[in-house]
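Peer 1: Take a look at this one; I'll ask things after.
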């Protein structure tokens with residue numbers, strides 16, 4: 001057996017469960033930083049292979065050559081009956097990489113310069129805000145971040161220093177508020193008091209006649225923080241206005257207007273909760289190219305950027321597809337969801353920019369690992385086996401493998417090798433050995449999975465509070481964000497590391513709660529069929545006697561409250577964490593809601609999930 005490049009560490013001590021779940025989940029009645037030069041971003045040139053030190057080899061797993069040898073006492077085990085993947089190896093490898101090459105790059109660069117001149121050259125204040133909004137919704141704002149921040153900073157400064165600022169109407173006020181909040185400028189919610197009836201304290205009734213103003217206020221309200229009552233009132237008020245407008249529009253039997261499409265889209269999910277790529281595709285195809293004042297340069301740039309990024313994703317997916325086939329994990333662990341493409345789809349939501357290819361590839365492998373751990377606990381492992389697996393991980397000792405069944409040996413080897421691969425990369429880029437941090441989180445993850453397994457086998461029905469306190473840690477958000485921290489942070493600080501390892505800061509907690517609850521909303525019906533520990537919806541029903549519909553509404557409310565808490569954290573200037581890491585945290589919440597918006601988008605392979613993969617990864621937008 002070849003030796004791994006890292007020494008084994010001492011056993012982890014028992015892990016405290018950090019939690020401060022408040023009564024929303026009960027029924028309603030710096031130390032010295034480790035500074036290294038900023039690492040170069042991994043580019044597409046090292047997708048196919050990455051050289052490693054000759055002393056670093058993965059541990060080889062030779063215990064499983066025949067898939068059938070992994071299965072023992074099969075009659076005692078549950079089965080989810082997951083179907084085979086609809087995206088085969090041959091299909092992925094046959095994808096044509098259409099939008100690559102110097103001619104496309106040259107054209108994109110030319111268009112980018114034109115759009116930059118356009119953005120800087122706009123003199124009218126409202127027109128400039130509208131252009132920024134359009135650029136964002138077209139999915140190309142990441143190319144103009146410096147220019148956008150400079151423009152918004154100037155507007156923010158002028159507003160603060162000018163005793164007589166521009167007297168905007170509701171539409172313009174809401175648009176500026178949303179854009180400034182989005183980029184971290186502290187704009188007070190009280191600016192919307194100008195649109196309230198001073199006698200009643202309520203928003204003026206005639207706002208319902210200004211549908212673009214109401215829509216703008218609705219979108220702005222989702223940038224509210226915990227305790228901002230004006231924005232909460234705005235959300236409730238404008239939701240009623242937009243639903244009324246939607247009802248009136250649907251009764252006209254005419255073709256949907258662009259405003260109607262925007263209203264329906266917003267009511268389905270606000271912009272703040274949407275991932276950039278899916279919003280860009282929808283806005284390009286459904287709205288922008290149908291607008292009478294559409295700018296051809298902007299449209300061509302947005303389409304070309306989308307398609308060139310998609311070609312990058314296809315290259316990455318081919319690399320991952322070869323890795324998955326060579327690993328034989330699908331054959332050795334036949335009970336596990338074989339959903340490589342869906343695991344990759346998460347990454348398009350988390351970090352879509354072209355320079356983050358290596359992160360998307362490694363994070364996809366991490367999602368594969370989390371899927372294996374999840375299915376092993378939820379579906380296949382016996383309680384005794386799961387305890388043995390957690391013990392083996394905690395000791396991090398290959399000698400423990402003799403106690404495990406063959407299928408768990410495979411899972412352990414994959415966990416062991418992947419963790420050490422990540423640690424090797426972190427050592428190269430940061431000069432820091434992080435394996436103890438990552439290992440501790442993996443052990444913690446399995447302990448919380450094990451708790452759910454104990455509930456299932458004992459028939460125990462947890463309260464909603466018990467479930468969420470355990471579930472936001474069993475869903476794996478803390479593991480995902482630990483990986484992201486090292487990918488997007490330089491220098492690494494001990495304060496942040498200790499916070500991530502032991503304290504589970506709010507920046508991790510709230511994103512993980514959204515992931516947990518969105519998962520529950522999307523997967524409940526499938527999990528009821530196969531039998532599983534009660535999820536948040538069932539826990540609330542059991543706690544309160546509520547119907548399933550009422551319980552779902554309560555879980556949606558908890559998601560909304562978690563977003564407010566996340567918005568609070570985004571404005572925390574004393575945070576240990578970089579803006580890049582904060583963006584990943586936000587995008588994890590957004591990706592969660594995309595994947596589970598119409599059901600179990602991670603496993604079910606229904607038509608809506610298939611269309612999402614086709615639209616974001618497979619099929620280019622016609623030029």
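Using N, Cα and C of the backbone, Cβ positions are placed for all residues, glycine too.
Not my notes, these are from Swiss-Prot:
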TRANSIT   1-60  transit peptide
COMPBIAS  37-51  compositional bias 'Basic residues'
BINDING   337, 374, 378, 516, 519  (2E)-geranyl diphosphate binding site
BINDING   374, 378  Mg(2+) 1 binding site
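What's the neighbourhood like for each of these?
Peer 2: According to its DSSP assignment, residue 516 ((2E)-geranyl diphosphate binding site) is helical. Remark: residue 516 ((2E)-geranyl diphosphate binding site) has 468, 471, 472, 474, 475, 477, 536 as non-local neighbours, by Cβ distance under 8 Å and separation of at least 6 in sequence.
Around residue 374 ((2E)-geranyl diphosphate binding site), a 10 Å sphere centred on its CB holds 20 further CB atoms from the protein chains shown. DSSP gives residue 374 ((2E)-geranyl diphosphate binding site) a helix state.
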Peer 1: The record lists 337, 374, 378, 516, 519 as binding (2E)-geranyl diphosphate. What's the largest Cα to Cα distance among them, in Å, rounded to a whole number?
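Peer 2: Across 337, 374, 378, 516, 519, the widest Cα separation comes out at 18 Å.
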Peer 1: Which of the three DSSP states, helix, strand or coil, fits residue 337 ((2E)-geranyl diphosphate binding site)?
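Peer 2: For residue 337 ((2E)-geranyl diphosphate binding site) - judged by DSSP and reduced to three states - the answer is coil.
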Peer 1: If you count Cβ atoms within 10 Å of the Cβ of residue 378 ((2E)-geranyl diphosphate binding site), leaving out that atom itself, what do you get?
Peer 2: 20
Peer 1: Near the Cβ of residue 337 ((2E)-geranyl diphosphate binding site), how many other Cβ atoms are there if near means within 10 Å?
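Peer 2: For residue 337 ((2E)-geranyl diphosphate binding site), the count of other Cβ atoms within 10 Å is 24.
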